[in-house]
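As recorded in TrEMBL, the features of this protein are as follows:
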BINDING   GLY14, PRO15, THR16, ALA17, VAL18, GLY19, LYS20, THR21  ATP binding site
BINDING   THR16, ALA17, VAL18, GLY19, LYS20, THR21  substrate binding site
REGION    39-42  region 'Interaction with substrate tRNA'
SITE      THR105  site 'Interaction with substrate tRNA'
SITE      ARG128  site 'Interaction with substrate tRNA'
Amino acid sequence: MDNQSKNRLLVLIGPTAVGKTRYSLEIAKAWNAEIISGDSMQVYKGMDIGTAKLPLEEQEGIPHHMIDICEPEHPFSVAEFQERSRRLIEEISGRGRLPFIVGGTGLYVEAVCYNYVFSESGSDEAFREEMQLYAEENGAEALHSRLQDIDPVTAQRIHPNDIRRVIRALEVFHTTGTTMSEQLAGQKKESPYELCIIGLTMPREKLYDRVELRIDQMMEEGLVEEVKGLLEAGVPESAIALQGLGYKEIVPYLKGETSLDEAVYTLKRDTRHFAKRQLSWFRHMKGIHWVDVGDEQNFHGNLQEIHGILEGKFKHHLE
């Protein structure tokens, strides 16, 4: 399939707190785009502060998709994200607009951009239960160490507390004899789209400062109350949603197991580590046009650089 017959797809990636939201709104307005959230946690209803969802009144009339589409108890998978996003891309393109993925969950974004096939075969319920029990008895770190021994590439990309994804990676090896990273590497990374990927980056220390400020802001906005509300609504602590960054660190405080200061310290540390893992993942992706947005006073200059990349890739604005 040549590019003339492919749908265009614009992607904006970057680590947490780098400033994707502000740039995405300006890009979407200039390019007649609809935004698809590429964040694995923004799909969950009732989880707004900890996932940094953009409130409706701040979306500036730009349609945003893949936000608030399932309950926190639902284990939303990368295969489900891929299927729904590809359907959205067809619909948005059919309206004569540009599909625009914005997000930081590397595997989710890459799964849409390229021809990854996620097979539901090779599942082993008994093995999953065995691994779940192992994690409960020995801790998430011990389970993650087992994955580290088998598939260090995938282990480096999955947070130890993301027990469901750790178990899935172990299950893939258990049922197929090949690791998840080997399977993904073996798939041809061809895109079904005319693809343009923009990556935002900045010096690490500056990014970490922004992480600290973002978390302070989340606390002021009521993150503790949001997590408390989810637990009181009956969302189990073991739910995938509550294993997410910004939620798993607050639960121990609400259970009286740690102080609020300790919980915030852990959240800031975990978020810095997450940003580092995001950058590591993105470095392995191909064809990214990187833009350094570290100079916050140069927003419009950075935006012009992005528009220049898009014009070079897509040739002209969509009418």
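Just so it is clear, glycine is given a Cβ too, placed from its N, Cα and C backbone atoms.
Here the features listed in TrEMBL are placed on the structure.
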residue : record                                 : Cβ contacts under 8 Å, 6 or more apart
GLY14   : ATP binding site                       : LYS20, GLY104, GLY199, LEU200, THR201, GLN278, PHE282
PRO15   : ATP binding site                       : GLY104, THR201, LEU207, PHE274, ALA275, LYS276, GLN278, LEU279, PHE282
THR16   : ATP binding site                       : ALA52, GLY104, VAL211, ARG214, THR271, PHE274, ALA275, GLN278
ALA17   : ATP binding site                       : LEU207, ARG210, VAL211, LEU213, ARG214, THR271, ALA275
VAL18   : ATP binding site                       : LEU200, THR201, MET202, LEU207, ARG210, VAL293
GLY19   : ATP binding site                       : LEU200, ARG210, VAL293, GLU296
THR21   : ATP binding site                       : ALA52, LEU54, VAL102
THR105  : site 'Interaction with substrate tRNA' : GLY38, ASP39, SER40, MET41
ARG128  : site 'Interaction with substrate tRNA' : ILE167, GLU171
Open item on the list: Can you break down the region 'Interaction with substrate tRNA' (39-42) into helix, strand and coil residue counts using DSSP?
Closed with: 0 helix, 0 strand, 4 coil
Task: Number of Cβ atoms other than its own within 10 Å, given for LYS20 (ATP binding site) - done: 24
TODO: Starting from the Cβ centroid of GLY14, PRO15, THR16, ALA17, VAL18, GLY19, LYS20, THR21, the recorded ATP site, name every other residue in that chain with its Cβ within 8 Å, sequence order please.
DONE: GLY104, LEU200, ARG210
Task: Cβ-centroid neighbourhood (8 Å) of the substrate site, THR16, ALA17, VAL18, GLY19, LYS20, THR21 excluded - done: GLY14, PRO15, GLY104, LEU200, ARG210
